[in-house]
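Engineer: Pasting a structure below so you can have a look.
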Amino acid sequence: MFNFLKGVVGGSGGGQKDLPYNIGDPYPSAWSSWSHFRGTSKDDGSPVSIFSLSGSNPQDGRLAAGRNGVKRLRTVRHPNILSFLYSYEVEAVDGSGTKVTIYIVTEPAMPLYEKIKELSLEGTQRDEYYAWGLHQIAKAVSFLNNDCKLVHGNVCLESVVVTQTLDWKLHAFDVLSEYDGTSGTATGPMLPYEWLVGSQYKSVELAKSDWVAIRKSPPWAIDSWGLGCLIYEIFSGMKLGKTEELRNTASIPKSLLPDYQRLLSSTPSRRLNASKLIENSEYFQNKLVDTIHFMEILSLKDSVEKDTFFRKLPNLTEQLPRQIVLKKLFPLLTSALEYGSATAPALTALLKIGSWLSAEEYTLKVLPTIIKLFASNDRAIRVALLQHIDQYGESLSAQAVDEQVYPHVATGFVDTSSILRELTLKSMLIMAPKLSQRNLSGSLLKYLSKLQVDEEPAIRTNTTILLGNIASYLNDGTRKRVLINAFTVRALRDTFSPARGAGVMALCATSSYYDTTEIATRILPNIVVLTIDPDSDVRSKVFQAVDQFMQILKQSNEKSNAGDTAHAGSLGLSSMPGNAGLLEWAMSSLTLKGKPLDQAPIAASNSVRPVTTTTAASSGLIETPSMAPVRVSSSSDFADAPAPPSPTLTDGWGEIENGVHEEQYSDKDGWDDIKPLEEPKPSSALANIQAAQKRPVSQPKPQATSLRSKSTVKAVATKDEDDDLWGSIAVPTPKIASKSLKVKTSGAVEDDDPWAAIAAPPPTTKAKPLSAGRGRGTKAAAPKLGAQRINRTSSSGMQ
């Protein structure tokens, strides 16, 4: 029999060296003759608790009771019963005798009495925590008595331990035995090891060893008495010395007192069942118990209940004991989020509780959960993550952002929800500094190129703002390739006035990246036309920008005159207050919610200052544009173009591959280098009409001239397209004037031209060639060249 029991508890061995756990420091107290030690696993170093019981006589009753406890703890499983991991029994020669030691390894826990002293809770928080603990022990006792028909026999302060999550758990199963009251033939003691129980914890019938009365009593009678003893010890703060002390109820809460008295009834049959104690007691109805109970059965709740609960949880955590929230509620919350049973508002509570942790704990406990959530398909979770990225974004490592977070976040750039697209865009302000050049230049810029023609004006504006902020993280080749085209070709020509203002300020804030040639030929010609912008805010920013860039050119000229030609052509702005001010300007813009027209506030006027320093010579990564008048080669209206489903290799900013400047550009590339306008070549038929323009007989009315001029300018700007890229802000530019002068002097002059009296003003754009056939069925030149009157008169005259 003895050998069989040894096999049950793990067999014999050579000593502690064969135990796969390291035994650490002991706790001051433990139940009965057991010793309680801290311990760790030899495999992975995880913490455990190790209980040991020694005896010099193999037939010692304490060892027999210990083996019973090992067997019961191994087979009885419940959330509120201490979890069994391993057991081991060893025999060792000790002097002249043999020493037998039993080891039980469980989940890490510490004695309840020690934990209460460590927490030092007071007032309402203490009562709430005690209520939660008693609630757990009552459930464990109810499980043993009602479900398993077992009697613990020794419920008291020393038989309860506290885990790392501050859960109370029942152990010390040495006395535990089956309840045999329903068997009419049972005789002898029902609890063979009841002699291990202290006399102060024994009920009246157990103290008398009246097994007949015990078998006639309900299964919970003995353990209900033990629950009463436990309640007394908890609230009095001391261990029970004798049974008579249970009559002192001064320390028992009034809401718990009636149930306490029923637990300690002198009549066993009238004692309160532990299950009834949980259901009926007013004492267990408090915020902490309700909150943890809701979290434990979260999967049974519907979405409305979950949403309501998690919206209240951030405020509720302020009212609960801080240590309990961190060690009990927080693990439940992270688990619920990771496995999908929690709704999006739970993320707010997670981040609030996480803010109470140290930096090291935050990295270990909060960030892994957040990284996992980025892979979620729940759009509400993704929105919540992006809305709160400012709270945890700085704590994410560059490697985690680049490899684990960004690939999931990038899907939001092409999402059908405009809210998600905008939040994804805003998140890049924090993520961009942590991205590799591969993702930054090869992926992010392609998405931003598409967002700059998004159907939402606020998104277009914020894209320009973001690009100005992340310019410093781009390499030189990518900056040369992207910035000017993005800010001038698209932002300055947007129909949304805040977008135009954002483009102007972005040019000012990134002025250190442009040389004087780019400023004179590509930047100033594009911003000067906005000095007559319909929006006064845009006009004021344009004038500041013109002053700033003119100041850069003046300083370059002064250096050139002084003989410093090395830097004269590449003078930039490397340390302008406006550069530092752009980040603040962008942040305030990006944090606005729900106001599309206010999504792009521009920097204050004092953010633009004259140039005070110079930069190194600009690299020759892009060709210097010609001084000839230029216009954008584009065939679509960027302001009205819908957001494409995904970026392609040929996007709005041209080919961007890790900052390498490609030589071949698309003809429809909105961010490609600006090309000069070709010299118009009038056809022979048109040349005859131009010949008559030298001596007009009558001058057109001023109003007609004005209308004709506007029509001519619009025809040139659109290059035979119906959609006007400039929209409501179209204005005549110096480019048009220059071209019209060239066209005017290109034709031959004939003094005896019969059409001179009715000739139209000289055309200002390239005309479509007239058809070779001049029959009656052939249409005349395009009406938008302003030659309708000429064709009509010419037709009648020829007949």
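Glycine residues also receive a Cβ, built from the backbone N, Cα and C atoms like all the rest.
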Engineer: Quick one: which of 666-690, 691-715 does TrEMBL have down as region 'Disordered'?
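Structural biologist: Based on what TrEMBL states, region 'Disordered' spans 691-715.
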Engineer: If you check TrEMBL, which stretch out of 241-263, 609-631, 632-654 is marked region 'Disordered'?
Structural biologist: 632-654
Engineer: Check each of the ranges 1-47, 753-799 against TrEMBL and return the one annotated as region 'Disordered'.
Structural biologist: 753-799
Engineer: Pop the mean pLDDT for the repeat 'HEAT' (366-404) in here, whole number is fine.
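Structural biologist: Mean pLDDT for the repeat 'HEAT' (366-404): 94.
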